[in-house]
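Trainee: I'd like to ask some things about the structure below.
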């Protein structure tokens, strides 16, 4: 009997590279979340914004992203590229929700910025007396060149600006954080928390978004190439800090590279100075803090930036400065009134959104405080004291001006990169590997923060997301009236000023009637202002403005309707256009009546 020995055949096995499966799940979750967001219809009727109308599938996608991120972070060494994929998915799902829900940009200010860039492109010159923006034209000139060179429609640029700006911010912030720690988990968690906690909504098409990106790039260059090496340990005593500062040495041994970096920083600082009113002061505060704490070698840089800022205010921006108070004149009381007390009013839904914003910000700051305590426990050789200084530096500008009631939000934005870092360090708490309980806790925390972020960011969706009827009415506003007529809108939530920016005088009923005791007198003030104009005025009253005034407690439904009815009955007033979400009234000048 002959035995036949079976020869083992090589078996084909297919292995999935590490990270592919969670990446596929994350992308799928983002697609689902994005699709469900695209099914929303305007107007948004809820007083709490998008959070009340987004379908359950959207939230499943958001939770899935946070769970995958927490699990990937729980390992000692996270996958080198998976967190980047997850972060990109989170940006699209959170920052792109409104862009998927409506084909036009949110908020009136983005439309206005399109109009400013259009004016620069058409006229090829500046008129500093026209508007404050023309005293800081850097961003708008760049936008005009970009739109002209690429042929991209400005509306599409504005629509997707929040997603693009968020990605740019995260890229620059990643460079900053990498200079503060070698722990990749801490880097990724910092970026994740920044993304979740950034409800401030300053990433639209605006000089602030551009300036903040350059601000982070400057900090990255300073910490990477112009950093200083100090003696081991940070002393909390004044004498110890002074000695620590004097003994610092440049971290980059190549003088040529330091000089090149300093030149780039100087150029970027110039661009920031000519592009935005506030960011140069934030940059000055942070650079001064870095130099004072011995973290930056270029000791004269704060003086250089200060000279730039003063020179620009004294000469190119002198037209604006002559009619507006400079910084540091308002005081703490005025800043508190504009930034806090005046915002704590309105309907129950609006106040709920405000409280969620406070809780979201407070949570990050509480975690950041825990991170500072951990730094003290770790010992003196730690980057967190410097991070704490950077987080606190923007608060020096809080008493300077109300900045239209937005200074506290801007301060929060500039502090957030560093409070997020401190909060992330507290959550990781020196553990090389997170156990199952901490992974679950991190996933739950991030999911809750995501819900709070959507609630905070899109809490004004009832009046900052426009309907097709409102956009059509704004278009008709320019077509129906005389070429030089004054244009009056009910309030700021209006999709206008995107064209013919310099050809009209623009006002709002809300501003005209700021001191009016009742609706009837408000109508008379609007009427008188319009009739004094040589070509009269066109008045646009739209749904979004009414929602804004009611939600924020400025006027009631009855007062708004009463004002419109009174205005419509006054001499020289006629209705020129009407649709389901807007009305346009023509008000003739005095000389054309009788």
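Heads up, the Cβ atoms here are built off N, Cα and C, so glycines get one too.
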Trainee: Which stretch does TrEMBL mark as transmembrane segment, out of 133-152, 233-252?
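Mentor: My reading of TrEMBL: the transmembrane segment range is 133-152.
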Trainee: TrEMBL tags one of 109-128, 209-228 as transmembrane segment - which one?
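Mentor: Of the candidate stretches, TrEMBL labels 209-228 as transmembrane segment.
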Trainee: Which range is it, out of 437-455, 456-474, 475-493, that shows up in TrEMBL as transmembrane segment?
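Mentor: Here TrEMBL associates transmembrane segment with the stretch 437-455.
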Trainee: When you look at the transmembrane segment (209-228) alongside the transmembrane segment (437-455), do they share 3+ Cβ pairs under 8 Å, ignoring any pair fewer than 6 residues apart in sequence?
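Mentor: Between the transmembrane segment (437-455) and the transmembrane segment (209-228), contact is absent.
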Trainee: Return the stretch with the most CB pairs under 8 A relative to the transmembrane segment (20-37), choosing among 81-101, 159-180, 186-202, 259-284.
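Mentor: Looking at each of 81-101, 159-180, 186-202, 259-284 in turn, the most contacts to the transmembrane segment (20-37) are made by 81-101.
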Trainee: Can you tell me which of 81-101, 133-152, 186-202 gets the most C-beta pairs within less than 8 Å of the transmembrane segment (259-284)?
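Mentor: If we count Cβ pairs closer than 8 Å to the transmembrane segment (259-284), 133-152 scores highest.
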